[in-house]
Amino acid sequence: MAELLRSLQDSQLVARFQRRCGLFPALDEGPRENGAARGLAQLPAANGKGGRGPANGLRRIAAPQAYVQKYIVKNYFYYYLFRFSAALGQEVFYITFLPFTHWNIDPYLSRRLIIIWVLVMYIGQVAKDILKWPRPLSPPVVKLEKRVIDEYGMPSTHAMAATAISFTLLISTMDRYQYPFALGLLMAVVFSTLVCLSRLYTGMHTVLDVLGGVLVTAVFIVLTYPAWTLIDRLDSASPLLPVCAIVVSFFLCYNYPASDCYSPTRADTTTILAAGAGVTLGFWVNHFFQLASAPTESLPVVRDIPPLTTDMLVLGLTKFTVGIVLILLVRQLVQNLSLQVLYSWFKVVTRNKEARRRLEIEVPYKFVTYTSVGLCATTFVPMLHRFLGLP
């Protein structure tokens, strides 16, 4: 068993998968020294002075100097497939798919998806900084992403989120909408599989990282499924619920496991928990002030999924555009105000980006910002839709 785990954690296995999919390093960079590749100084910059345009079939990524890599793509089908699949597990997908589901499809589904997603992501993020398992070695692996390169690898939160969202959606809709279960299962498997394979292709995780993420999520879904009905009724619970959600979430963010060096893990975790707290507050406000009917599991089963028409598509895109614009405005406004207050309180020079990484600044400003975003998305955006006559 120990030998099997070591083989699944081997970077060479990831590198072989990349080669089979047509992704190769442009040159043999040799072993790393002090976190950088030998011969790195000879590589031209990805952009700017001294950087020439890439040759045919050659691509470069902009990255910190210690991680600048050149690579050759020999199969562009896999390249674009897995780069797109990787985006399905990133922030751009969550800030589009989850609000769109709430505004245009079913608030009941969006609430379940968001709460399960928040819990799963928190478990995954904390596990990374407790286990401290490194990402695949480069070389031999080619790494295509730079933002999370300083994070630890085990488990893959992309794999966890993709598995949680796809199978929570399947379980929550199979008794609510009428569609072939086999088709829904196939879509869930394909979605999660593509995201998992993209983590190998982009060189960000080992096979064991991905399998660990899927397994943890599967166990989580099985253990929590009996409590999902209780989750559906949280908005009608005690008035102390939103207070508890905000206080507990902030406590977890502020007491996030310390890391040896800075990585975006704590900031991302704060963003996720704050959004979950804001959504919980928003659903409670909707119920308490009767701003919207509470979507419970007792609602009648929808026998047919309505066909997609031009009018429905235009309406959905209009509601989504209005909602996203308002969310972005609220996010920018609250972020600027919270940073100004914190900078003044801690006597930090304005626009000091390094200061944003300090615990006492990063956690509060992100928490306040994304709690406001969650509340806005679930309460104020639907109110604006009704005001504008968008059903």
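Placed from the backbone N, Cα and C atoms, the Cβ positions cover glycine too.
Counted with DSSP, the domain 'Phosphatidic acid phosphatase type 2/haloperoxidase' (111-225) comes out as 78 helix, 1 strand, 36 coil. According to TrEMBL, the domain 'Phosphatidic acid phosphatase type 2/haloperoxidase' annotation covers 111-225.
Remote same-chain residues near the transmembrane segment (77-100) are listed as 21-23, 110, 113-114, 117, 144-145, 157-159, 161-162, 165, 191, 194-195, 197-199, 201-202, 316, 320, 323-324, 327, 377, 381 (criterion: CB distance under 8 Å, separation of at least six residues from the stretch ends). Annotation source TrEMBL lists transmembrane segment at 77-100 (among others).
The transmembrane segment annotation in TrEMBL covers 112-131 (among others).
Here the transmembrane segment (152-171) has long-range neighbours at 86, 88-90, 94, 97, 109, 112-113, 116-117, 120-121, 123-125, 127-129, 131-136, 184-185, 187-189, 191-192, 195-196, 198-199, 204-206, 208-210, 212-214, 216-218, 220-221, 225, 263, 265, meaning same-chain residues at least 6 beyond its ends whose C-beta is under 8 angstroms from one of its own. According to TrEMBL, the feature transmembrane segment maps to 152-171 (among others).
Summarising the annotation, TrEMBL assigns transmembrane segment to 177-198 (among others). Under 8 Å from some Cβ of the transmembrane segment (177-198) lie the Cβ atoms of residues 81-83, 85-86, 88-89, 156, 158-159, 161-163, 165-167, 169-170, 210, 213-214, 301-305, all in the same chain and six or more residues away from its ends.
Per TrEMBL, the feature transmembrane segment maps to 210-228 (among others). Cβ atoms under 8 Å from those of the transmembrane segment (210-228) belong to residues 8, 112, 116, 119-120, 123-124, 127, 154-160, 163-164, 167-168, 171-172, 192, 196, 199-200 of the same chain, restricted to positions at least 6 beyond its ends.
Annotated transmembrane segment per TrEMBL: 240-258 (among others), in sequence order. Within the chain carrying the transmembrane segment (240-258), a Cβ under 8 angstroms from the stretch's Cβ atoms is held by residues 122, 126, 129-130, 234, 265-266, 269-270, 273-274, 276-277, 280-281, 284-285, 359, 363, 366-367, 371, all 6 or more beyond its ends.
Annotation source TrEMBL lists transmembrane segment at 270-292 (among others).
Marked as transmembrane segment by TrEMBL: 312-330 (among others).
The annotation transmembrane segment is assigned in TrEMBL to 367-388 (among others).
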